[in-house]
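To start, the structure itself, in structure tokens.
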Amino acid sequence: MKFLTTGLLATAALAAAQEQQVLQAEDGMGQAPQRGSSIFDETLQKFQSSLEDGISHFWSEMKTNFKDYLPLISLPKKHTRRPDSEWDHVVRGADIESVWVQGADGEKRREIDGKLHNYDLRVKAVDPSKLGVDAGVKQYSGYLDDNDADKHLFYWFFESRNDPKNDPVVLWLNGGPGCSSLTGLFLELGPATIDKNLKVVSNPYSWNSNASVIFLDQPVNVGFSYSGSSVSDTVAAGKDIYALLTLFFKQFPEYATQDFHISGESYAGHYIPVFAAEILSHKNTNINLKSALIGNGLTDPLTQYPQYRPMACGEGGYPAVLDQGTCRSMDNSLERCLSLIETCYSSESAWICVPAAMYCNSAILAPYQQTGMNPYDVRNKCEDMASLCYPQLNVITEWLNQKSVMQALGVEVESYESCNSGINRDFLFHGDWMKPYHRLVPSVLEKIPVLIYAGDADFICNWLGNQAWTDALEWPGHKKFAEAKLEDLKIVDNKNKGKKIGQVKSSGNFTFMRIFGAGHMVPLNQPEASLEFLNRWLRGEWH
């Protein structure tokens, strides 16, 4: 789940936006000049010459008016670390790093690459009977510790219900940034949900039906994870993911022999290209990475932001949420937004990237947010903004905050929250939101297949934007992929065989799917469809 801008940041952005000049054509009709036209080129030159002054003014305004709200480090969570003696296993990264082997060329090398000496992995065997979550299925929970940086990432592993000795392993990451992957576990694709009476209800469409799944709370201070420091950009989090998987597969070599897939949604569109590239950068590793999956992700803002207006204004397959006047206003703001993003792409500096995010989110996202409709599903009103429009998150949070649950999982923090707005703010104010992480995707595609899937009722990371960036991505297979046609995606695996669940296009290692009737969280709205395409993808279909 991807946060919309918090109320504070939206207010700040609106204040800054009032200082911005809207690009308009000379005819005064309020239409933005088109790229490639002489009017556009002249206007762009004027804009670029004033950009530095505008950004300086933006930061001055922020410092003056919001100085009490801009600490760039989120507050640490209260915690009590359990002694190592209370854990079933403790894996030392230093022990792994110290192992040398002789290669085929006769030269000595480390058995496993990477800086691991500062990491430990603590493991607890979870008793399913105590929690009632997937009874009979082997489970582990625990923490990855970065002892140098005082970072502690919580994970919960579920073995496959089917054939764990042969089924693949999947890592699941929620987005935000700042949202717990236990949201995905209990609201979307995990082995159980929680009802309003705090009872555990089995999920027949869990992704661990035919795969073992790891749910990871990252970055630090998300969910049950904690730290005395912080992580405020995607690249910094990548090293932790590599360490977690390396130590986990070292402790459980029976899973290391299986195919491994990294998956996630929303802001994981930032995470996964970075994390996959980090794993693939290591030649000697025990991580058998075979593919990456991103659902309703934010990956290439420059290509995706132009699709917010069409999605909100009735061009995405659902009725318009916004009126024509608001839609025109979004059009008028778009060129300035895109110019800011382009400058961010060129510099990758927070000095530029933060104003880009603030202006674009104010001009392009805020009009939708102000309607009271659910930004994660254009078909519904937002029931409760405090719970990100999904009141069931409150029930899940209450269940996870029970002392008996926390004790059974070995949790070391005092409380759980589904999303940490401080983390979201940290990433935003370090410029991470608008950075061009899609540039890593071509190198990933050289080595593994990538699936981009999108529920077609989502606004915040909509299918139009995801289709647009996948079609536009420059990679050796670009031309064939862009020319490929969307074909019907139908169920083949069960009693509903032949039911149309979406559309798919694929070429080379790249696949795009549109899933019908699903919002931001595809497994929540279309559980049967999500398990269908997952199982087929893991079996190697489309790649």
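Here, residue 1 is simply the first one shown, and the rest follow in order.
Glycine too: its Cβ is placed from the backbone N, Cα and C atoms.
Look at Swiss-Prot and you will find Ser266 (among others) tagged as active site, backed by sequence analysis. The 10 Å shell around the Cβ of Ser266 (active site) contains 28 further Cβ atoms across the protein chains shown. Ser266 (active site) carries neither a helix nor a strand DSSP state and counts as coil.
Contacts of Asp458 (active site) defined by a Cβ separation under 8 A and a same-chain sequence distance of 6+ are given as Asn296, Tyr376, Asp377, Val378, Ala518, Gly519, His520, in order along the sequence. Asp458 (active site) falls outside any helix or strand according to DSSP and counts as coil. Among the features that Swiss-Prot reports, active site is placed at Asp458 (among others).
Per Swiss-Prot, active site is recorded for His520 (among others), and the stated evidence type is sequence analysis.
DSSP gives Cys179 (disulfide bond) a strand state. Per Swiss-Prot, the feature disulfide bond maps to Cys179-Cys419 (among others).
Following the DSSP three-state reduction, the secondary structure of Cys327 (disulfide bond) is helix. The Cβ neighbour count for Cys327 (disulfide bond), using a 10 Å radius and every protein chain shown, is 19. Summarising the annotation, Swiss-Prot assigns disulfide bond to Cys313-Cys327 (among others).
Classification of Cys337 (disulfide bond) by DSSP places it within a helix. Swiss-Prot lists Cys337-Cys360 (among others) with the feature disulfide bond.
The disulfide bond annotation in Swiss-Prot covers Cys344-Cys353 (among others). In the three-state DSSP classification, Cys344 (disulfide bond) falls within a helix.
Cβ contacts within 10 Å of Cys382 (disulfide bond), excluding its own Cβ and spanning all protein chains shown: 18. DSSP assigns Cys382 (disulfide bond) to coil in the three-state reduction, placing it in neither a helix nor a strand. The annotation disulfide bond is assigned in Swiss-Prot to Cys382-Cys389 (among others) on the grounds of similarity to another entry.
All protein chains included, Asn210 (N-linked glycosylation site) registers 20 other Cβ atoms within 10 Å of its own Cβ. When secondary structure is read from DSSP and collapsed to three states, Asn210 (N-linked glycosylation site) falls in the coil class. Positions annotated as N-linked glycosylation site by Swiss-Prot, on the basis of sequence analysis: Asn210 (among others).
The Cβ of Asn509 (N-linked glycosylation site) has 21 other Cβ atoms within 10 Å, all protein chains considered. Sequence annotations record features per position, and here Swiss-Prot assigns N-linked glycosylation site to Asn509 (among others).
The feature signal peptide is assigned by Swiss-Prot to 1-17, with sequence analysis given as support.
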Check: min Cα-Cα distance from Cys313 (disulfide bond) over recorded positions Asn210, Ser266, Cys337, Cys353, Cys389 goes to Cys337
Smallest Cα-Cα separation from Ser266 (active site) among the recorded positions Asn210, Cys337, Cys344, Cys382 is shown by Cys382
Long-range Cβ list for Cys344 (disulfide bond), cut-off under 8 Å, min separation 6+ in sequence, same chain only, gives Ile352, Cys353, Ala356, Gly431, Met434, Lys435, Pro436
Within 10 A of the CB of His520 (active site), the number of other CB atoms across every chain shown is 29
